[in-house]
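Chemist: The structure's right below; bear with me while I get my questions together.
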Amino acid sequence: MKVKCSKNQSPDNFSSQQCYVAYFITACILDFERAIALVVLTSLAIVSKAYDLVKTYHGNSITKCFIPAQRSISYGHFKCKRPEQLISFGGVCMFILVIFIFSAHRTEVAWRSVFWGLGLQFCIGLFVIRTEPGLTAFQWLGEQVQIFLNYTKHGSSFVFGPLVSDIFAFQALPIVIFFSSVMSVLYFLGIMQWLIIKIAWVMQITMGTSPTETLSVAGNIFVGQTEAPLLIRPYLMDMTKSEVHAVMVGGFATIAGSVMGAFISFGIDASSMISASAMAAPCALAISKLSYPETEEKTFLHQRKISSDEQNILEAASSGASTSIGLVANIAADLIAFLAILAFINASLGWLGGLVGFPSITFEVCSRQLHIP
């Protein structure tokens, strides 16, 4: 029996797809629990392919469909089962009011970007906290990140031996090196650029921001403030002041991927870190467009392909590891300095408090009392 191929599909591609389908079915039949990760990755690939097709043929229609949602966010009402939760909502309103008062150009504020940014942040938080699939998805993602970062021990234990299990510098800091190397490889393969552009498209059609600033802020979900602007390096000279401001705000509002790896090694929940970083991206754009609205003419025309300077995967991995040396040194130096300063402050507060009968006063106690709701 002959198999007919479509015009856009070569016989070799069709054969490789058949092989993968056979491999996928076999893996699921033999041990479905072990194949869950394969199912997730395959589903993501199918969704991304469908995403490209929908965007190509129905992108303009989807953009128009978001207009009623924007109006509902702008004129909707806030409902809450517990009235005390309105305190947090009041805090958000106060932040918006204060930033609007000190805005550089109050008459030029694009409220569409502000409301959509806050709305997307609320929807992401609602999906993670209030829905079982969202909570399960982010918990699973956090577990996979933790498993992935644990592979660092194979390299660090070879170099440092038994010191890995007892000393912080040999236990946590190598994670930064490993993660930076992996990110460099992903950039070389074009995987990170592809993922970030997809996220940027969603934020762009909803918030109405330019592709350059949206691409950088979306990149901050996964990478740091120094790496994300590299995605838009060809356009930096032509960007407006408002766009540069958005890039800076996005970098300060999110958690760098390499630093996230270090935080996870401290015992912080990975799913909480990932969800917080994802929620911060649209909110950062909203606050940026509120504090420094766009007043200049945008010169961006189209997205150009951004490629890595490395020649092969090994060079990319080595370059990523070398790049992280400065970050690792800064983390170690900051920890030494700040922990020493904190110990001195606690000793001083304890001495001053002891003179009046309160020797247990520390900086942590004072901060806790000041920030109690």
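Just so it is clear, glycine is given a Cβ too, placed from its N, Cα and C backbone atoms.
In TrEMBL, annotation is done automatically, which means it is predicted and not curated.
What TrEMBL lists as domain 'Concentrative nucleoside transporter N-terminal' is 91-163. Marked as domain 'Nucleoside transporter/FeoB GTPase Gate' by TrEMBL: 170-267. As annotated by TrEMBL, domain 'Concentrative nucleoside transporter C-terminal' applies to 273-366. Marked as transmembrane segment by TrEMBL: 20-47, 86-104, 110-129, 158-179, 246-268, 338-358.
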Chemist: If we skip the immediate neighbours and take only residues 6+ beyond the ends of the transmembrane segment (110-129), which ones have a Cβ under 8 Å from one of its Cβ atoms?
Modeler: 70, 73-74, 92, 96, 135, 138, 203, 206-209, 271, 275, 278-280, 282-287, 289-290, 293-294
Chemist: What mean pLDDT score does the domain 'Concentrative nucleoside transporter C-terminal' (273-366) have in the model?
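Modeler: When the pLDDT values over the domain 'Concentrative nucleoside transporter C-terminal' (273-366) are averaged, the result is 82.
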Chemist: DSSP says what for the domain 'Concentrative nucleoside transporter N-terminal' (91-163): how many helix, strand, coil residues?
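Modeler: The breakdown for the domain 'Concentrative nucleoside transporter N-terminal' (91-163) reads 64 helix, 0 strand, 9 coil.
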